[in-house]
Amino acid sequence: SLEKIFVQITSTNICDLVMSIVIMVVVFIVKELNDRYRAKLPVPIPIEVIMTIITCGVSYGFNFAERYNVQVVGKMVSGYESPIPPSIEVFQESAVEAFPVAIVGFAVAFSVAKVYSVKHDYPIDGNQELVAFGVSNIFGAAFRSFAASTALSRTAVQESSGGKTQIAGLISAMMAMIVTVALGFLLEPLPRSVLGALVIVNLKGMLMQFREIPYLWMRDRPECVVWVGTCLGAILLGLDLGLAFGLGVELLTVVFRAQFPRCSILANILGTDLYKDKKDYLQIFEPEGVKIFRIPSPIFFANIEFFRNKLIEAVGFNPLRVLQKRNKALKKIKKLLQKRDHDITEITTID
């Protein structure tokens, strides 16, 4: 019996593994083709939808759930719950847990929105995002839904599939509504490993950001420490504790930046009126006889010594020592002049 169980577990794992690898390879190749021939294709190839339909059909035809004991989506409940009024008892029992859930949910949502806003160059408003999540959760709570937040996998799938406007979100919501109301049974034979494979492939862009760590370390080391610390904290401690750990690291970096700010010497970019850090540009020159020193932090008792040392390093000499030597030289010259006046005798000339 143990041998049969081992063979069954092995066959199940092999089936899931092979199917996941095939799905990941096919989706990866098609998505690379979508990126390469983006200008020639009228719309990106919806490879995720195609592979979902194919695997559902293959799983249903070969009866993966019973023959190979492959974990599938299974029974899906159709329709929605009837609306209910707010319950004070539920609120009293869950108020303490709801607060960190809300903070973590908004932090994750805003972080994902910030990533894609930088990638596609458009502004976002944190207050608007917070109001939107609050209204959606109030409305969804009336239908006993889960707390709404950003689904990282769905966001990555939609972005990689070419969705750019609110129309894409509306279509996605309508498709989800249609599936949950009428077509959910068609996804029951879908293997769960296929879902995991699709999510991993669509997170390729997010996961490949690890390649930017050396560049970020060279550009801004405190930000690199915050990035790596928050990532490792979320992986090892969980999302809520990981975000708290990242916040603590960020606060430490704020103190560190205030005491040891990144000072710079500004120089002129050739052909422009712009003055930037000369370490960041090649075609740049400094005005002759002028040093433009920049410190991006307020000067106070904790960083005044650091500021003085950096300023001396930027100028190339210690002005205080120069002033001391100048005063000594003036005193010496004054003494020599006084001594000469005493040694001079009056000489009378007769015509």
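Using the three backbone atoms N, Cα and C, a Cβ is placed for every residue, glycine included.
Features of the protein shown, as given by TrEMBL:
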- 280-351: domain 'STAS' (DOMAIN)
- 6-29: transmembrane segment (TRANSMEM)
- 41-62: transmembrane segment (TRANSMEM)
- 98-118: transmembrane segment (TRANSMEM)
- 130-147: transmembrane segment (TRANSMEM)
- 167-187: transmembrane segment (TRANSMEM)
- 194-213: transmembrane segment (TRANSMEM)
- 225-252: transmembrane segment (TRANSMEM)
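Counting C-beta pairs under 8 angstroms (sequence separation of 6 or more), the transmembrane segment (194-213) reaches the transmembrane segment (41-62) with 3 or more such pairs.
Beyond its flanks by at least six residues, the transmembrane segment (130-147) meets 80-86, 98, 101-102, 105-106, 109 of its own chain at Cβ-Cβ distances under 8 Å. Sequence-remote contacts of a segment are chain residues at least 6 beyond its ends whose Cβ falls under 8 Å from one of its Cβ atoms, and for the transmembrane segment (41-62) they are 19, 23, 26-27, 30-31, 33-34, 68, 70, 72, 157, 161-162, 186-187, 189-191, 194, 198, 202. Mean pLDDT, taken over the domain 'STAS' (280-351), works out to 76 on the 0 to 100 scale.
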